[in-house]
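Q: Taken from TrEMBL, the feature coiled coil covers 115-149, 275-330. Residues or ranges marked as region 'Disordered' by TrEMBL: 1-20. Sequence annotations record features per position, and here TrEMBL assigns repeat 'WD' to 765-798, 809-842, 859-891, 893-934, 935-968.
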Amino acid sequence: MAPARNGKRQASAHVEEPPHKKVAPVLKKYGVTQAAFKQMVEVLQHPLAGHLTEDCKQMILAMLPHSLCVPSDQREEVQNLAVKMFEEVVASVEGHLKEALEAEKSKVKTITDSKEQLLSDVSKAQEQLKDAEKDLEQKNQELTASSQAVVAAKTFLSKKEEEQTTGDASLLQTEADKAELQKAFEGVFLMVEAGESTDSAAQLKVFESAMKKLTMEESLKMAILPVLQKPPAERGGFDATVLSEFQNIFEAKLRELSEMLQQGAPERQARQLCVDQARAQLEEAETKQKECSGELLASKQKQKEATSALKEVEASVASYEATLKAAMDVQDEKQKDVDSFVETTMKGFTNLKDVEVGDAMQEQELELQAVIGFKGTVQSSLILHPDQEHLIFPLGCTVVLRNLIKRTQAFLQGHDNQVNCITVSKSGKLLASGQKTFMGFPADVIIWDFEQRKEIHRLSLHKVAVTSLSFSCDETYLATLGGQDDNSLVIWEVERGLAVCGTPAATDTAHCVRFFNNTEFSLVTGGNYHVVIWQFDLANKKLRPTQANLGQMKRITTNVLIDQEDKFVYCGTTTGDLLQVELGHALFKQYTPKGGPTKTFALGITTSALLPDGDMILGTGNGLLARVSADTLRVKQQCQVLGGVTSVALTQDGTHFFCGTTLSNIYWVDTDTLTAELRNTCHHERINQIAFPADYSEVFATCSVTDIRVWNAVTRQELLRIQVPNMECYCLDFMRDGKSIISGWSDGKVRAFLPQSGKLLYAINDAHKNGVTALALSSDCGRIVTGGMEGEVRVWNIGFQTQTMDASLKEHRGRVWCIKIAKDDTQAVSASADGSCIIWDLFTKTRKLCLFESTMFKSLVYHPDESQLLTTGSDRKVAYWDTFDGQAIRVLEGSEEGEITTLSVSKSGSHYVSGGEERLVKLWDYDKGVSEYIGVGHSGTITCAAISPDASFVVSAGSEGAILIWTMPQELVSKCNELVE
């Protein structure tokens with residue numbers, strides 16, 4: 001947080017350090033690694049340590065560094081009690097883990113024991129289903145038989161009814177005739193005869209119908225009706241005779257019919273009996289049919305229930321395997337938890353508990369052998385030491401001291417983040433460097449003894465960043481200027497390393513500070529719309545500002561230059577103006593270079609230097625170097641270089657100077673003619689990959705956002721540069737025969753170049769959509785396996801004049817970050833951001849094995865005997881995998897913060913190197929799984945690292961564009977070169 005405007009800054013503000021910074025000195029003192037201590041901290045954070053209160057955990061955590069980390073033979077009684085207390089926690093967690101394992105084992109046993117019962121249940125269910133199906137078949141047969149019986153009964157009934165109908169037809173007619181005659185005789189004849197009828201017409205009509213059934217003479221028929229129509233009183237003897245005769249005929253006919261009915265009655269009864277018997281048989285058959293139908297339905301239900309029961313038992317058997325597998329998986333996880341806890345935590349605890357003085361574990365530092373790089377974007381970062389032999393510049397967290405005569409390098413290492421500014425005292429005895437860090441964290445300034453190459457004082461007062469430094473002329477004081485979030489100006493006493501006074505530099509952001517050349521009590525700062533001249537009041541410990549009067553001028557000053565007599569200050573601005581301000585009265589004098597090609601310098605004046613004759617050398621943002629007269633501000637000479645100029649370092653005699661640019665180029669320039677000669681160059685953007693030729697360590701290649709470069713590992717000189725305009729090279733490697741460099745590019749092409757000339761040998765167009773992100777080369781130089789941004793893995797056959805695709809393997813769903821091929825070229829393995837690593841069979845072009853993890857895999861390597869794989873990625877872990885069954889053998893905590901992006905293993909497999917966002921190069925013992933050495937120097941994410949084929953050094957590169965070469969510890973070189981069986 002920036003200090004309040006117009007307020008006084010306290011000289012010794014307390015800054016709460018992060019926990020890891022508080023513990024780090026203690027761990028370093030007792031030789032305990034951060035990783036080992038973190039394992040102990042994780043015990044307290046373990047879910048099974050939940051019985052401890054938060055206060056208790058914090059108490060134990062606070063005691064750990066000062067008890068467990070202390071060698072056992074140096075512990076006091078209180079420290080031993082603390083260790084014993086922690087040991088109880090460890091034992092408790094271990095006990096809970098083992099209890100959980102035993103519980104899972106019991107579950108597995110229960111499931112295993114249930115298998116016999118399940119099989120018995122299946123057999124029983126099958127028997128029940130078989131019985132049900134047999135019963136169903138029987139019921140079906142019975143229903144069929146009963147149905148047939150019903151049909152037969154119906155047929156028989158129909159036959160008997162038909163016989164009855166036929167046999168009874170004449171009798172029925174006789175009955176009808178008798179009934180009709182009886183009706184006519186009694187209801188008509190006798191009544192009419194007696195004269196009792198009232199409806200003679202209707203009755204006569206009935207009588208006439210009945211007469212047709214009687215047999216009589218015609219004369220009688222003709223006579224009977226008239227007789228009947230006469231009233232009884234009018235009838236005579238003839239009429240009585242007719243009536244008597246007719247009555248006799250009537251009665252005789254009735255007797256005849258009765259006799260006929262009486263004679264046919266037995267046969268009729270017999271026929272009725274047969275019909276009744278047939279109907280009874282039908283009813284009995286239908287009843288039987290209904291009973292069989294009901295029994296069939298019940299049998300079907302029974303069969304359905306038996307089938308359902310069998311399916312249920314079979315489902316239980318089918319789920320048994322899944323249930324057993326799930327239980328076994330949980331048991332295996334619990335076993336792994338126990339094994340991991342015992343193997344790592346318990347072993348680590350035992351080591352710390354029992355270690356004595358001299359036995360303490362210690363992560364040693366890798367020796368930085370050389371660097372290839374120059375951070376050209378840091379303003380005024382290139383300094384020629386007054387001894388005229390050393391060129392000083394920052395690179396990441398390191399300050400590099402390059403001896404121009406002996407061509408050697410030395411390094412000042414102490415910063416934990418990017419060095420943002422440096423300065424050297426007038427005599428050259430002292431050097432100061434300031435860094436930038438993260439929001440809320442202090443940004444340190446370190447004062448170094450140049451001759452002894454060691455830190456004298458560490459000054460911690462600024463926050464976030466330090467942007468400018470300046471030693472006073474007599475080297476008594478050091479002025480430091482904080483960045484935008486701090487914006488404070490502090491004066492330090494160099495001898496004691498204490499702050500004398502401090503104040504806000506201005507109401508707006510200040511960018512630069514410089515002491516006068518002839519007094520240690522005056523200095524100048526410049527920044528956004530201000531130039532301030534300060535008087536340092538030592539007696540009152542005050543800084544008294546005088547604002548320079550610039551009139552209507554509104555400029556952002558980025559650098560200031562004071563003449564030898566301290567009369568004028570020349571201010572370089574972002575608008576390209578050079579302002580001349582008179583120091584005595586703080587008055588603006590003149591501005592703008594006169595006689596130049598343009599009114600102002602394009603992209604601003606970024607740096608400046610004063611020549612012995614009073615002229616000035618100006619560097620601009622568009623790469624222009626200009627020599628300007630101090631009196632008239634006219635441009636005398638100018639030249640163009642590549643990249644914006646950020647540094648000018650004059651020789652003592654002023655005849656030449658070094659010029660540094662934003663493209664990380666260093667030029668040697670003659671001040672009279674301003675002719676620039678390129679002396680050093682390096683990558684200025686992210687480096688994506690490092691590759692060595694097969695079994696050759698004197699040369700290596702790197703690829704970056706802009707180009708491919710081949711380097712001499714001994715002289716650290718660039719041998720070859722290959723550029724494809726507007727394209728980024730993601731990956732590269734040397735063919736095993738050394739005759740070509742194969743590279744993958746962002747336009748989706750694979751390009752092959754000759755390693756001596758950089759000439760394009762061939763290109764595979766449209767190899768992948770959106771870019772070729774990974775590649776690997778077969779040992780016979782006949783095949784290339786490539787991976788793309790979309791997740792495809794493709795195999796290419798490389799002929800003498802042709803390049804053809806052999807297979808396209810589409811299983812990954814994310815970017816392929818890394819591919820490796822086995823020595824015998826039979827299989828390849830690819831690592832992807834989708835959380836999978838796939839081992840491919842290059843003969844069948846199919847997946848052989850797949851490894852899954854909740855991470856974005858970034859890198860992998862085969863162990864030289866190819867029995868294991870090492871993988872790493874965004875989960876910050878290094879995992880060992882068995883290539884036979886794809887099981888994870890060991891998982892190590894590879895980084896305390898940030899993902900791991902690169903791995904490289906030695907020829908023997910005894911050691912490997914990792915690097916990532918933690919910005920540390922770590923050298924691991926493969927078998928022990930312990931980081932034995934660390935290399936501190938990068939300021940950005942380490943994107944790639946490689947152990948040289950002869951294992952004599954390690955090369956690492958980062959997102960800041962720096963290449964660092966580390967010396968392999970001598971005792972490990974022979975181990976790394978041992979032959980693998």
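Note that Cβ sites are derived from N, Cα and C of the backbone, with glycine treated the same way.
Are these features on the surface or tucked inside, and what are their neighbours?
A: Listed as Cβ neighbours of the coiled coil (115-149) (distance under 8 Å, sequence separation of 6 or more from its ends, same chain) are residues 285, 288-289, 291-293, 295-296, 299-300, 302-303, 305-307, 309-310, 312-314, 316-317, 320.
Summarising model confidence by region, the coiled coil (275-330) averages a pLDDT of 87.
When DSSP labels each residue, the repeat 'WD' (765-798) comes out as 0 helix, 18 strand, 16 coil, counted as helix, strand and coil in that order.
Panel annotation: around the repeat 'WD' (809-842), residues 773-780, 783, 785-795, 848-862, 866, 869, 871, 873, 881, 883, 886 of the same chain, lying at least six beyond its termini, place a Cβ under 8 Å from a Cβ of the stretch.
Distant neighbours of the repeat 'WD' (893-934): 20, 33-35, 38-39, 361, 363-366, 396-397, 856, 858-865, 870-878, 880, 940-947, 949, 951, 954, 956, 958, 964, 966, 968-969, 972, 975-980; these residues of the same chain sit at least 6 beyond its ends, with a Cβ under 8 Å from one of its Cβ atoms.
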Q: Within the same chain, where does the repeat 'WD' (935-968) have neighbours whose Cβ lies under 8 angstroms from its own Cβ atoms, ignoring anything closer than 6 residues to its ends? I mean 6 or more beyond.
A: 365-373, 375, 395-398, 411, 413, 416-419, 664, 682-697, 700, 702, 704, 711, 713, 716, 898, 901-907, 911-923, 976-977
Q: Would you mind splitting the repeat 'WD' (893-934) into helix, strand and coil residue counts from DSSP?
A: 0 helix, 24 strand, 18 coil
